[in-house]
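A short write-up of the structure that comes next.
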Amino acid sequence: MENKGHFSSFWESLGNPRYVVAPMVDQSELPFRLLCRRYSAHLTYTPMLHARIFSENEKYRKTHFQTSEDDRPLIAQFCGNDPQTLVNAARIIKDDVSAIDINCGCPQGIARKGKYGAYLLDFPNVITSIVQTVTAQVDINVTCKIRLVEKESLQSTLNLCYALEASGCKALTVHGRDKTEKGVNISDCNWEAIKIIKSRVGIPGNAPSILKMSVVIANGGIESLDDVKRCLEYTGADAVMSSEAILEKPYLFTGREYNNLSIFKEYLSILKGCPEQRLSSVKSHAFKMLHKYLQVHHETREVIGRAGSIEAFDGIVQDLERVVAEDSTYSGSWYRRHRKQVTEPLLEESAPAS
């Protein structure tokens, strides 16, 4: 565990990362993290881990969390709503990660049912209690990932940020959308809101004019390295986090284009050196990295769906290589599947921060 001291020294201990791979359920597992690190990612997160199950079930820990010496710096993300449960999970993992992150951003139905993720935003006292309790009882840095509390006004989000700082939160990832903006309802990411948060929030407490936020990570609206650079410049954020786009292009942070079939083969090669990997994760990565090919070769998509083992993917890739070689023209983007009408992130229009 790196430096539990001052906010800025914590980030410095991680190497002042700028390019961050998001925590993604069943997707940001060890082989994928190692792949992204090969292509310029500075910091990665584990998939979202269920704090109660993680603390109680050894089999769950073994199948859902692996790391290695090359997998640093690393932040483990947990979901949950009970402070002591988060303490228990943090104690188990503290020596294997640089920090733990509290998920306050997942907008999915399972999060609503479990009363965690973005649905914690309606209960800021619960979030601050988690941060305070874990910080007090476990020698581990604590960070949070949030969405905008509401679209109409930024003040409630700012109030939450102030409270989190006062509670000891070391870094804050802000997704510039609220919990209703997902799937087919995705809309432009509000970089202006992130810019205001970065400029207004202070550490510690709610006195932004005294000390500026040391670490704010911008999340949302990132499809390329050019987007990363524009976001950093516009928002003033310390780092940019990519989620969906990097699933399709693990090399996003390089600013270069690579053959996605070759990249998927590289992922499979890394995978073979990582025990306890799950078939569901491999399939998910295949559907995303190979998306443009599968839009044409529907039969391969069906074969991937029916695959009964990780080993089957060697043959799947070989078969796909043969047909891809016959026609090298492919288009389509998995990242853009719900974004046909989305153009640029919101830069100048945002709700007032009254």
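Yeah, the Cβs are placed from backbone N, Cα and C, and that goes for glycine too.
Sequence annotations record features per position, and here TrEMBL assigns domain 'DUS-like FMN-binding' to 21-293. According to TrEMBL, the FMN binding site annotation covers P23, M24, V25, Q77, K145, H175, N219, G220, G221. Per TrEMBL, active site, proton donor is recorded for C106.
Features recorded in TrEMBL, as mapped to the structure shown.
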{"residue": "P23", "record": "FMN binding site", "DSSP (3 states)": "coil"}
{"residue": "C106", "record": "active site, proton donor", "DSSP (3 states)": "coil"}
{"residue": "K145", "record": "FMN binding site", "DSSP (3 states)": "strand"}
{"residue": "N219", "record": "FMN binding site", "DSSP (3 states)": "strand"}
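Cα spacing between K145 (FMN binding site) and the residue listed as 'active site, proton donor': 9 Å, rounded to the nearest whole number. Among P23, M24, V25, Q77, K145, H175, N219, G220, G221, the residues given in the record as binding FMN, the maximal Cα to Cα distance rounds to 21 Å. For C106 (active site, proton donor) paired with V25 (FMN binding site), the C-alpha to C-alpha distance reads 10 Å. Ranking the recorded positions V25, C106 by C-beta neighbours within 10 Å puts C106 at the top. The average pLDDT for the domain 'DUS-like FMN-binding' (21-293) in the predicted structure is 93.
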